[in-house]
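Undergrad: Input: one structure, supplied below.
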Amino acid sequence: MTQLSAAQNKPSDGSKALYGGKGTRRITVRDIALAKERGEKWPMLTAYDAMTASVFDEAGIPVILVGDSAGNCHLGYDTTVPVTLDEMSMLSAAVVRGTQRALIVGDLPFGSYQEGPVQALRSATRLVKEAGVGAVKLEGGERSHEQIRLLVESGIPVMAHIGLTPQSVHAMGYRVQGRGEEAAQQLLRDAKAVQDAGAFAVVLELVPAELAAEVTRVLHIPTVGIGAGPETDAQVLVWTDMLGLTSGRVPKFVKKYADLREVMGDAVKAFAEDVVGGGFPREEHSVH
Ligand SMILES: Nc1nc(=O)c2c([nH]1)NC[C@@H]1CN(c3ccc(C(=O)N[C@@H](CCC(=O)O)C(=O)O)cc3)CN21
Ligand SMILES: CC(C)C(=O)C(=O)O
Ligand SMILES: [Mg+2]
């Protein structure tokens, strides 16, 4: 177990930062808390399989979310709503196996915690014991504070998620949250509720940048923005969006860092043309 030096406020194993730090020791929620004290920003990405997660882990991404966005980005559903706990457990276990350093956060899917704290604990325990995640995430502010409290009391770190909560798409749509004085006050109450319940971080999804900045100043736990402007402590994107693999429309807050759909499509067509035209396999790909 690596000792943390309170005086330096740094991990004492030589790693300087969540991103850019060294070593393969698993990052913990304690490391996340210290990053906020240092005023350090950090990146988070989703992943749904071991291979992709290993790329992000080797690139130094300190926190990987096994998002229920797997529903529409990996499993072919239209939304996150149909995703099951069995599916999340299987995908989360793969991401844990593919990584050494990143803190792995498993999303609790719709229907696996809404019944109450006991159901939430049963579901989160499965992700911790079967999949090996270091933390879980669930949606909702004031409405989920009892679930968060019991999980944290039971020893399971919780990342909260407020603002746009996609599991409620049939009730709220995919609309910006926290616009107007009343909605802004509700978002601030939600943020304080999850902090008071013991969450170690909170995702702010699709909220005005000024409001996300205010929440980030008011809270002592880190905020993780997605469509929430530049002032949050961390930023998260869905990996298939930022690498250009998502089919169809992506939210406007996404920055596309590569076009893997084009790269993969071109490569697959080159293979197909080789097969049809006799360009593959050649002598060097053959055995005798
Ligand atoms: N591919 C993908 N990317 C995501 O970021 C994502 C998912 N899927 N699935 C789960 C949730 C759903 N999310 C969404 C889905 C739609 C919008 C959207 O349509 N937003 C509009 C703005 C709406 C408004 O202005 O009120 C947009 O044009 O971006 C945003 C976030 C974020 N998450
Ligand atoms: C967009 C992030 C925060 C998420 O919840 C997911 O990918 O499921
Ligand atoms: Mg999610």
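Using N, Cα and C of the backbone, Cβ positions are placed for all residues, glycine too.
Pasting the feature list from TrEMBL:
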{"type": "COMPBIAS", "residues": "1-12", "note": "compositional bias 'Polar residues'"}
{"type": "REGION", "residues": "1-21", "note": "region 'Disordered'"}
{"type": "BINDING", "residues": "D68, S69, D107, K137", "note": "3-methyl-2-oxobutanoate binding site"}
{"type": "BINDING", "residues": "D68, D107, E139", "note": "Mg(2+) binding site"}
{"type": "ACT_SITE", "residues": "E205", "note": "active site, proton acceptor"}
Undergrad: If you count, for each of the recorded positions D107, E205, the other Cβ atoms lying within 10 Å of its Cβ, which residue has the minimum?
TA: E205
Undergrad: Which ones, of the binding-site residues D68, S69, D107, have a Cα no more than 10 Å from the Cα of E139 (Mg(2+) binding site)?
TA: D107
Undergrad: Identify, among the binding-site residues D68, E139, the residue whose Cβ has the fewest other Cβ atoms within 10 Å in this structure.
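TA: Result for the binding-site residues D68, E139: minimum number of other Cβ atoms within 10 Å at E139.
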Undergrad: Do you know which of the recorded positions D68, D107, K137, E205 end up with C-beta under 6 Å from ligand 3?
TA: D68, D107
Undergrad: Suppose we screen the binding-site residues D68, S69, D107, K137, E139 by Cβ distance to ligand 1 with a cut-off under 6 Å; which survive, in sequence order?
TA: S69
Undergrad: Around the Cβ of S69 (3-methyl-2-oxobutanoate binding site), how many other Cβ atoms lie within 10 Å? Please give the count over every shown protein chain.
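TA: Around S69 (3-methyl-2-oxobutanoate binding site), other Cβ atoms within 10 Å: 22.
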Undergrad: Give me the CA-CA distance between D68 (3-methyl-2-oxobutanoate binding site) and E205 (active site, proton acceptor), in Å, as a whole number.
TA: 14
Undergrad: Near K137 (3-methyl-2-oxobutanoate binding site), which residues of its chain come within a Cβ-Cβ distance under 8 Å, counting only those 6 or more away in sequence?
TA: L65, V105, G106, D107, L108, V158, M159, A160, H161, V203
Undergrad: Give the sequence-ordered set of same-chain residues, not counting D68, S69, D107, K137, with Cβ within 8 Å of the centre of the Cβ atoms defining the 3-methyl-2-oxobutanoate site.
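TA: For the 3-methyl-2-oxobutanoate site, the extra neighbours are T46, L65, V66, G67, A70, T80, V83, M88, G106, L108, P109, H161.
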Undergrad: Can you tell me the CA-to-CA distance separating S69 (3-methyl-2-oxobutanoate binding site) and E205 (active site, proton acceptor), as a whole number of Å?
TA: 13
